[in-house]
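Student: Can you keep this structure in mind? I'll have questions shortly.
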Ligand SMILES: O=C(O)C1=C[C@@H](OP(=O)(O)O)[C@@H](O)[C@H](O)C1
Ligand SMILES: C=C(OP(=O)(O)O)C(=O)O
């Protein structure tokens, strides 16, 4: 169900401090690892949003012990067991890639019958490369709708000795992350070979770092192959503090640059493995001033912004923020190597192009790039009664969040269905309103 549109007031200034919500990627990885580990894990500062809610509900439905108290969670792992306590379940996973892909891998190595489905868009997001890889390890997975896409039915794994699994890495890094997360739990040794150029590499580093925190070291040959020793198993580290979400930080850091600053985000900084902390470099390339402490970042700047032409493959989520910033640049900007945008919450290349054009930008799109020539006059002062631009959000939280930055321009902005931010940042618009004027 869609939510009532928000009319954003014209803003000029952005300054202040905000605490970031927990990282989506770390939250869902930690929940699954805690569920698979021996022992109890206390998870602090977990992201409270749709993507983590579906993961928590799925784990509960599978019989994993989940207790919550004042925003902290205690997960009692299933440890040495090679299956989940509940042997048959239907799991609804919304549009959460970080729940759907890793749970598919874990359940494919288990011993029950599970049906996994999501929202209609999730049923258009590819999963075939992961299923193909898991079948090499004896997984019994059937497609309920179209081949290569959810929904899926997973039955108990057939024992198979093959210890090499090949997975394509050029559609989503989540397939490789899913295999890396699940195999140590199965206890079977495996060598995972990556075919094609792996995209979104920092997310795999994040996976490896968290696996290590749960006591398993993965052997690796660069980005081409990863090995998990037979007899591996996860052990709870006791407590995990989830750091702030670096992708969510991108909107506020960008606001700090557009609106003077200083705007400080707390919860993520230079100690983070999240690739999107490097969005700071993109802001610097556009003329912004960004400083990075161990667990906080601060941005300041002024208009106009310098044009950019950048490969965004390592930061596909924060890259959407950069695309909207192109409206404020003094010349054409180009975002390259972003083919994965086409298979995310919506076709983000098409959606971004359509909405930027509403502001008068000239946009060229290709299979894996978007080029934006800013609209003439976008940096001019607001005229007396400009007509508002109504932004469609395509049930994509990032479309809603990044287009809030257009309110620094010369026209009023209306964001349609702003409630879609619930996927990763339910109170985004309230936080944004507190920091801009
Ligand atoms: O592993 C993860 O946590 C994620 C990986 C990325 O997806 P792709 O690997 O499909 O680019 C990213 O866009 C997504 O928001 C989260
Ligand atoms: C691509 C995204 O989500 P998912 O984890 O569902 O892939 C995203 O949050 O931008």
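In case you wondered, yes, glycine gets a Cβ from its N, Cα and C as well.
TrEMBL annotations: computationally assigned, not manually curated.
Quick paste of what TrEMBL says about this protein:
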type     : residues                                 : note
ACT_SITE : 317                                      : active site, proton acceptor
BINDING  : 24, 97, 125, 174, 348, 398, 423          : phosphoenolpyruvate binding site
BINDING  : 24, 25, 29, 172, 173, 174, 200, 317, 344 : 3-phosphoshikimate binding site
DOMAIN   : 13-430                                   : domain 'Enolpyruvate transferase'
Student: Near residue 317 (active site, proton acceptor), meaning Cα within 10 Å, which of 24, 174, 398, 423 (binding-site residues)?
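Tutor: Near residue 317 (active site, proton acceptor) by Cα: 398.
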Student: Could you check which of the recorded positions 173, 174, 200, 317, 398 have their CB within less than 6 A of ligand 1?
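Tutor: Checking each Cβ against ligand 1, the ones under 6 Å are 173, 174, 200, 317.
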Student: Sorted by position, what residues of the same chain at least six away from residue 174 (phosphoenolpyruvate binding site) have a C-beta under 8 A from it?
Tutor: 97, 98, 101, 102, 130, 203
Student: Far apart in sequence but close in space: which same-chain residues, 6 or more away, have a Cβ under 8 Å from residue 344 (3-phosphoshikimate binding site)?
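Tutor: For residue 344 (3-phosphoshikimate binding site), the qualifying residues are 97, 125, 316, 396.
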Student: Find the shortest Cα-Cα separation between residue 423 (phosphoenolpyruvate binding site) and the binding-site residues 29, 173, 200, and name the residue that gives it.
Tutor: 29
Student: Provide the three-state secondary structure of residue 29 (3-phosphoshikimate binding site) computed with DSSP.
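Tutor: Helix, per DSSP.
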Student: Have a look around residue 125 (phosphoenolpyruvate binding site) and count the other CB atoms within 10 A of its CB, chains all included.
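Tutor: Total other Cβ atoms inside 10 Å, all chains included: 20.
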Student: Which whole-number mean pLDDT does the model give the domain 'Enolpyruvate transferase' (13-430)?
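Tutor: Mean pLDDT, the domain 'Enolpyruvate transferase' (13-430): 96.
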Student: Considering only the recorded positions 97, 317, 348, 398, which possess a Cβ situated under 6 angstroms from at least one atom of ligand 2?
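Tutor: Correct list: 97, 317, 398.
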Student: How many other Cβ atoms are found within 10 Å of the Cβ atom of residue 398 (phosphoenolpyruvate binding site), counting all protein chains shown?
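Tutor: Looking across every protein chain shown, the total is 33.
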Student: Counting every protein chain present, what is the number of Cβ atoms, excluding its own, within 10 Å of the Cβ of residue 97 (phosphoenolpyruvate binding site)?
Tutor: 25
Student: Please report the Cα separation of residue 173 (3-phosphoshikimate binding site) and residue 24 (phosphoenolpyruvate binding site) in Å, rounded to an integer.
Tutor: 15
Student: To the nearest Å, how far is the Cα of residue 24 (phosphoenolpyruvate binding site) from the Cα of residue 200 (3-phosphoshikimate binding site)?
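Tutor: Checking the Cα atoms of residue 24 (phosphoenolpyruvate binding site) and residue 200 (3-phosphoshikimate binding site) gives a distance of 15 Å.
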Student: Check the DSSP secondary structure of residue 200 (3-phosphoshikimate binding site), expressed as helix, strand or coil.
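Tutor: Once the DSSP labels are grouped into three classes, residue 200 (3-phosphoshikimate binding site) ends up as coil.
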Student: Taking the Cβ of residue 173 (3-phosphoshikimate binding site) as the centre, how many other Cβ atoms fall within a 10 Å radius?
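Tutor: Neighbour count, Cβ to Cβ under the 10 Å cut-off: 23.
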